[in-house]
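Q: My questions all concern the structure below.
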Amino acid sequence: AVAMAASIIPLTASRSGMINFVIFLSIITFEGRFGIRKVVGAFLLLMFFAVQVGFQVNVLDAVLPDVVAERLQKVDVRTEALSSGQVAGGSLGRRFHNVQIAATMALRHPILGVGLGNFSSERALVDPTGMTAPPHNSYLMAWVEGGVISLALYLAVFFGLFAALRNLERDYEARFGPVGMGWMVSCMRTVLIGFLVFSFFADMWIHILFYIIVGMCISVVRMHQVYAETGRLPSPPMQPAPA
């Protein structure tokens with residue numbers, strides 16, 4: 001899956017996608033116990049940055065089409081920044097402007113926000129350019145629409161699930177060996193990390209994937225809680241639990 005993402009995401013020429021992917025790789029590489037695969041992954045990641053930044057060699061030009069490599073390397077926000085009363089011409093400029101306006105809206109309604117689903121209509125009144133696009137940041141979107149109270153609850157869901165999954169991973173074989181779902185616990189932890197990182201660059205606030213991922217994490221945690229409390233293994237799919 002990581003190899004497929006590494007081969008597809010750069011071809012999209014999305015700078016936020018690349019930043020998201022690099023941050024996600026760095027987290028899962030350096031998080032948890034180190035093994036051979038993590039050491040190799042960390043070495044390759046560091047080598048890529050060392051060659052790209054420290055030498056007169058452009059790795060992106062060598063492995064990507066010219067148009068894609070050129071766009072990924074163009075990260076100077078100043079060349080795309082807004083002038084007064086005008087819409088930014090470039091992607092980075094628009095994102096920067098979106099964040100500025102969203103932050104202004106959040107500070108105007110810090111406690112309860114502007115209301116669920118009211119971002120676009122409220123922005124049309126606040127933004128002098130008349131743009132209504134979302135901020136491409138789930139946490140900022142949660143703050144704007146739901147206020148600091150909703151943002152705190154939103155983050156509490158993620159941190160609570162992450163802590164629960166990490167707790168299950170500790171001494172898994174000794175505590176939950178018969179369940180045999182340690183791979184699923186690790187998988188859901190990685191998925192949760194990926195979603196948290198991706199939410200910095202996309203509008204995943206109340207997106208359907210939020211409910212799917214949270215629901216799957218809760219199911220995995222609850223399955224192990226039932227085993228810890230009763231000693232009963234999960235029933236096979238489509239079969240009723242024994243009386």
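Even glycines carry a Cβ here, placed using N, Cα and C.
Annotation source TrEMBL lists domain 'O-antigen ligase-related' at 2-155. The transmembrane segment annotation in TrEMBL covers 6-27, 39-57, 140-164, 176-198, 204-223.
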Q: Using a Cβ cut-off under 8 Å, which residues of the same chain at least 6 positions beyond either end of the transmembrane segment (140-164) come close to it?
A: 99, 102-103, 105-106, 109-119, 122, 134, 189, 192-193, 196, 203, 205, 214, 217-218, 221
Q: Would you report the average pLDDT that the model assigns to the domain 'O-antigen ligase-related' (2-155)?
A: 73
